[in-house]
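See structure below.
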């Protein structure tokens with residue numbers, strides 16, 4: 001094998017070892033930092049308003065019967081308004 | 001008569017070379033892929049058109065005094081354009097999935113193995129006649145495995161400007177091919193039982209956490225890897241604009257106007273590197289092959305890391321989400337979702353795959369920083 005290429009390959013292998021080492025060190029440290037941050041926020045952070053996903057889940061869920069009645073009322077009113085406006 | 005001769009000599013027909021002609025067809029090919037096949041049209045269309053404009057004989061648009069040449073000089077040589085794109089990426093990205101489950105960062109780290117394996121592959125190609133890649137060239141080629149367009153362009157413009165055209169085309173073409181490249185590798189490396197693992201729902205993430213997140217990343221970057229500061233800095237700024245909730249206008253500008261304008265200019269500038277002398281070489285062929293290898297190895301490494309995490313967590317992690325570690329946001333996450341659904345119709349992995357997916361963006365930016373620090377002088 002060409003010695004120049006062999007040298008380059010060895011250098012490349014070093015680069016791989018160091019590079020992956022740093023990438024992993026960086027991201028593992030970030031994992032730790034994020035966990036600490038989440039714990040700190042949960043402990044000392046302000047009471048957060050319920051996040052958007054939670055709100056969406058709740059607003060769809062409760063009492064389908066009551067919601068259905070309201071829906072019928074709203075749609076009915078809308079149809080009436082539309083007809084009134086578009087009457088020839 | 002003399003005037004007619006002069007006129008004839010200034011026409012394109014009299015001056016065109018076979019290389020320019022061939023590159024015009026390469027440009028048309030890219031535009032065809034963009035329009036007919038919807039391959040990353042946002043970038044391949046301007047790149048293809050840039051290639052056509054740059055190869056118009058006599059006009060010299062890609063030259064130092066040409067319009068596209070100047071755009072290249074201002075935006076790509078300085079590294080400004082890819083960084084502005086990163087600002088937009090930061091403003092477009094929701095990191096909640098990552099904050100809710102930080103361990104997925106490991107998947108983003110593992111997938112970067114593709115970058116370094118490809119680097120070795122590029123160096124090994126030197127054994128064949130017709131290839132002469134330096135360490136800097138090999139590093140720039142390897143970053144294709146990061147599956148992150150702006151990062152690849154940023155690093156290539158620093159380390160190997162001559163290869164930029166081929167590297168950018170390879171990076172964006174393979175990102176478009178992710179739905180074809182990844183699934184066979186994912187299926188080959190996992191069992192049916194592993195693919196149908198259903199993951200726990202992610203916890204909600206508070207606003208304060210989302211605001212603190214960019215600072216955590218930036219702080220670590222400043223401490224450990226300042227050479228990645230341009231990339232990480234713009235990414236975190238964009239994300240802070242988004243999450244702070246007080247600069248809606250700036251956030252929207254970063255997500256839309258800025259990133260769109262820069263994408264057009266960046267595409268044209270990269271197209272200018274698709275000139276005959278630079279592109280029609282055996283090296284380009286090598287880069288295209290290595291790019292596919294890079295994606296495949298990155299995907300495999302991510303899935304294997306996913307399997308390790310699956311074992312360690314007692315079967316709570318679906319190894320498929322490891323494949324999303326190669327960034328290519330959000331395509332890779334969608335592919336994971338699709339493969340997961342084909343195994344179990346009620347198993348939606350999209351949100352779970354977004355964690356490793358955005359971790360891949362940070363991972364490839366970190367890898368780019370490492371390569372810049374070690375190879376760039």
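Glycine is no exception: its Cβ is also placed from the backbone N, Cα and C atoms.
According to TrEMBL, the feature transmembrane segment maps to B:16-35 (among others). Remote same-chain partners of the transmembrane segment (B:16-35), defined as residues 6 or more beyond its termini with a Cβ less than 8 Å from a stretch Cβ, comprise 41, 44-45, 47-52, 54-57, 169, 173, 176, 271, 274-277, 279-280.
Here TrEMBL flags B:42-64 (among others) as transmembrane segment.
Feature annotation from TrEMBL assigns transmembrane segment to B:70-93 (among others).
Residues of the same chain lying 6 or more positions beyond the ends of the transmembrane segment (B:105-128) and with a Cβ under 8 Å from any Cβ of it are 98, 135, 137-139, 141-146, 286, 290-291, 293-299, 301-302, 304-306, 309, 321-327, 355-364, 366-367, 371. The transmembrane segment annotation in TrEMBL covers B:105-128 (among others).
Same-chain neighbours of the transmembrane segment (B:134-156): 43, 76, 79, 81-83, 85-86, 89, 112, 114-120, 122-123, 163-164, 167-168, 170-172, 174-175, 178, 230-231, 266, 270, 287, 290-291, 294-295, 297-298, 326-328, 332, 360-361, 363-365, 367-368, 371-372, 375-376, counting only residues six or more beyond its ends whose CB sits under 8 Å from a CB of the stretch. Look at TrEMBL and you will find B:134-156 (among others) tagged as transmembrane segment.
The feature transmembrane segment is assigned by TrEMBL to B:163-181 (among others).
Taken from TrEMBL, the feature transmembrane segment applies to B:211-237 (among others).
What TrEMBL records for B:258-279 (among others) is transmembrane segment. Beyond the ends of the transmembrane segment (B:258-279), by six or more residues, the same chain brings 17, 19-20, 22-23, 26-27, 42-55, 61-62, 66, 68-69, 71-72, 75-76, 81-82, 84-85, 87-89, 92, 153, 161-166, 168-169 to within a C-beta distance below 8 angstroms of the stretch.
The transmembrane segment annotation in TrEMBL covers B:285-305 (among others).
As annotated by TrEMBL, transmembrane segment applies to B:356-375 (among others).
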Dominant neighbour of the transmembrane segment (B:163-181) in B:70-93, B:211-237, B:285-305, B:356-375, by Cβ pairs under 8 Å: B:285-305
Beyond the flanks of the transmembrane segment (B:211-237) by 6 or more, those residues with Cβ under 8 Å of it: 79, 83-84, 86-87, 89-90, 93, 95, 98-99, 150-151, 154, 243-244, 361-362, 365-366, 368-370, 372-373, 376
Non-local residues, at least 6 beyond the ends, that sit with Cβ under 8 Å of the transmembrane segment (B:356-375): 86, 89, 93-95, 97-98, 104-109, 111-112, 115-116, 135-136, 139, 142-143, 146-148, 151, 154-155, 158-159, 217, 221, 225-229, 231-232, 235, 302, 321-322, 324-330, 332-333
